[in-house]
Structures are given as C-alpha cells and as structure tokens.
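**Student:** Just dropping this structure here.
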Amino acid sequence: MNPQAKLIFITSLLLGTTITLSSNHWITAWTGLEINTLAILPLISKSHHPRAIEAATKYFLVQATASTLVLFASMTNAWATGQWDITQLTHPASCMILTSALAMKLGLVPFHFWFPEVLQGSPLITGLLLSTAMKFPPITLLFMTSPSLNPILLTTMAILSAALGGWMGLNQTQTRKIMAFSSISHLGWMAMILVYDPKLTLLNFYLYTLITAAVFLTLNTIKALNLSTLMTTWTKTPSLSATLLLTLLSLAGLPPLTGFLPKWMIIQELTKQDMTPTATIMALLSLLSLFFYLRLAYCATITLPPHTTNHMKLWHTHKPTNASVALLVTMSTLLLPISPMIRTIV
C-alpha cells in the first residue's frame, strides 16, 4: 500500500477515535464511529485476496447495521426525553437497542459471528487494530452510558461470550481465529463488570490491549498464521518463542503474570456484589480459554518440527526483534506486583 494512503487511513482512525471519545452528543459520537469504519476497510482489503475482500465486505455490513442501530437508539431516546446528551440515556427501549448495537460493534455473543471471519481475512497488524483500537470507542460509549444499562442483559451476554469464546476456540488451527475467540472471551469479562465498576472494565481493556499487542506483534515477527508454522519457530527464534509462552499464559490470566490482575479484581468485585455463583462460572469458563492458550504455547515452545515435515519452512533472516515487542512482552508479564498503584491510578 502507498505510504501516503496508509498515513491518511491511520490519521483517520485516530481522528474518528478522538471524535467519539471527546463527544457529548450522539451525532458526533456516531460520526466518529463511521470515520473509524471507513478508515479500517482499506487496511483490511489491502492484499486484494478474495478472503480479504470478503472480510472487508462483512465488516462493512455489520458495522453499518450497528451504526444504524446506535443512531436509532439515540433518536428514540431524544424523542422520548428531549435529550441528545450521551450520559442522559434513560429510555429503557433505547438502552436495550444501544446495548445490542454496541455489542454488535464489539463482537459480543450473540453478535460475534462476523469477528473470527473478518480477523481471519485480515493481515496480522490489521487484526491487532481490529482487536484493540477499533473496540475502544464502543467501550467508551458503554462506559459513559453504564448507569442506564440493563445488568441482567449484560451479565447474560458476558457469560455466553466467555463460554462460546472458550468453546469455539478449542479446535482452531489458525492463530488469527484463536485470537478472535480470545477477544470474544475477554469481552465477556469486560461486559460482566461494566455496570458494577466501569473503571474496572477500562482497566481490563487496557491490560488486554497491552497483552494482545505483544502476542500479535510476536506472531507478526515470526510470520506465524497457523499452528503448523508455529511449530517450526523454536529452532529459528527460541527466545521469542519462550517469551510468547509467557505472554500467552498472561493472556490466560495465570498468576503471577499481568493478565491475572483484571480477572482477580473482577472476581473480587463480583463477590462484593453478592454474585459469587456468577464469579465461579466465569472463573470456570476461563479454563476453556486456558486450554487453547496452552495449545498455542505448546506448539510454539515444546514441539520440535520433524525432519521430514510436509510443511515448507519460511526463509529465515536474522532480523533483530523489534524494541516495541520486547517492551510489550515485559509489561505483559511483570505488572502484577505494582497492581495497587495501577488500581489507584484507574
């Protein structure tokens, strides 16, 4: 892709996100979401492969539908209450429609079907943007409207997302699809705590973004799109494969790694809200995700490729590992000891 065109699209992404984050009016928030959608489409379809074009088409149709529902919810609320302010969403029907629309934008169950297919058709760096940056504006809108949202609806969607994100990722062999189901599962944790402690949702999203960026950039460095390629990486980049193991375990939420912090705090908050059965269900459902993270880690670090493999090995050049990967991996594994400070900041 032309560097100038890429610069325009990245700038548009930043502009759309900034507009949505800084808006108080529903129309400006909707405008920011639309700019984001239009800016990411060329980045998804830049390879001109049929699968990439299909992914871009699916993404456009789903996001256009969700944006229409956002606009419809805000207009219904304005019609009933006379308020266009985002924080003044009080009409019950508008709250339900908005929750569904933003769940569709994020990929929460039952609106999750598009996300794995779109991620599978996108390059790894674009997949990173879809999994992190593109989810920030809808999550901030949920954050701003959290006092008005229906807790039963969000809890149901959260448990279903954690369950299906874990179950459907079990038999996948493509790393991008595994990361897509991982994202759905983590969104379930964020949706679960949204009504009770919205700041904890944002903390979870920040740490999820940090760890997911480390995983995606590592996979991009070793050019691993499926598990068979991942099996041949230990002999080429052993140190990077070892750090990928730690990052994946952090994404699974194992102590004493960074990913344990949001799960620990969410379970603690749910227990304070007398939702111990729900916290137990979420903790048990995270074991499903742990299985496919361990599968990825096993392929990356413990499996050595056979001498008579049918898989064509990629040409290996000794490129130094990017400094950003090293920094992200370090933060993805070592932030748990400073969790009291992180909690006071957020």
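Using N, Cα and C of the backbone, Cβ positions are placed for all residues, glycine too.
Pulled these features from TrEMBL for this protein:
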DOMAIN    23-288  domain 'NADH:quinone oxidoreductase/Mrp antiporter transmembrane'
DOMAIN    290-342  domain 'NADH dehydrogenase subunit 2 C-terminal'
TRANSMEM  60-81  transmembrane segment
TRANSMEM  93-115  transmembrane segment
TRANSMEM  151-170  transmembrane segment
TRANSMEM  176-196  transmembrane segment
TRANSMEM  203-222  transmembrane segment
TRANSMEM  242-261  transmembrane segment
TRANSMEM  281-303  transmembrane segment
TRANSMEM  323-342  transmembrane segment
**Student:** Contact between the transmembrane segment (176-196) and the transmembrane segment (281-303) is defined here as three or more C-beta pairs under 8 Å separated by at least 6 residues; is that satisfied?
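**Tutor:** Between the transmembrane segment (176-196) and the transmembrane segment (281-303), which are separate recorded stretches, there is contact, as judged by 3 or more close Cβ pairs.
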**Student:** With the transmembrane segment (151-170) as the reference, which stretch in 93-115, 176-196, 203-222, 242-261 has the largest tally of C-beta pairs below 8 Å?
**Tutor:** 176-196
**Student:** Would you mind listing the long-range same-chain contacts of the transmembrane segment (176-196), meaning Cβ under 8 Å and 6+ residues beyond its ends?
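**Tutor:** Beyond its ends, the transmembrane segment (176-196) has Cβ neighbours at 103, 106-109, 112, 115-116, 119-120, 122, 124, 127, 131, 135, 139, 142-143, 146-147, 149, 151, 154-155, 157-166, 168-169, 204-205, 208, 212, 215-216, 225, 251, 262-263, 266, 269-270, 273, 278, 282, 285-286, 288-289, 292-293, 296.
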**Student:** Near the transmembrane segment (242-261), which residues from the same chain, at least 6 beyond its ends, have a CB less than 8 A from one of its CBs?
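**Tutor:** Sequence-distant neighbours of the transmembrane segment (242-261): 182, 203, 207-208, 210-212, 214-215, 218-219, 286, 289-290, 293-294, 296-297, 300-301, 329, 331-337, 339, 342.
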**Student:** Quickly jot the same-chain residues contacting the transmembrane segment (203-222) by Cβ under 8 Å, restricted to those at least six beyond its ends, or write none.
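**Tutor:** Residues packing against the transmembrane segment (203-222) from afar: 124-125, 127-128, 131-132, 135-136, 139, 175, 179, 182-183, 186, 189-190, 193, 229-230, 233, 236-237, 240-241, 243-244, 247-248, 250-251, 258-259, 261-262, 265-266, 319, 321-322, 324-325, 328-329, 331-332, 335, 342-343, 346.
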**Student:** Taking a Cβ cut-off under 8 Å, which residues six or more beyond the ends of the transmembrane segment (93-115) line up next to it in the same chain?
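**Tutor:** Apart from its flanks, the transmembrane segment (93-115) reaches 33, 58-59, 62-63, 65-67, 69-70, 72-74, 76-77, 80, 130, 135, 138-139, 141-142, 145, 148-150, 153-154, 157-158, 160-161, 163-165, 180, 183-184, 187-188, 191.
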**Student:** Would you mind giving the whole-number mean pLDDT across the domain 'NADH dehydrogenase subunit 2 C-terminal' (290-342)?
**Tutor:** 78
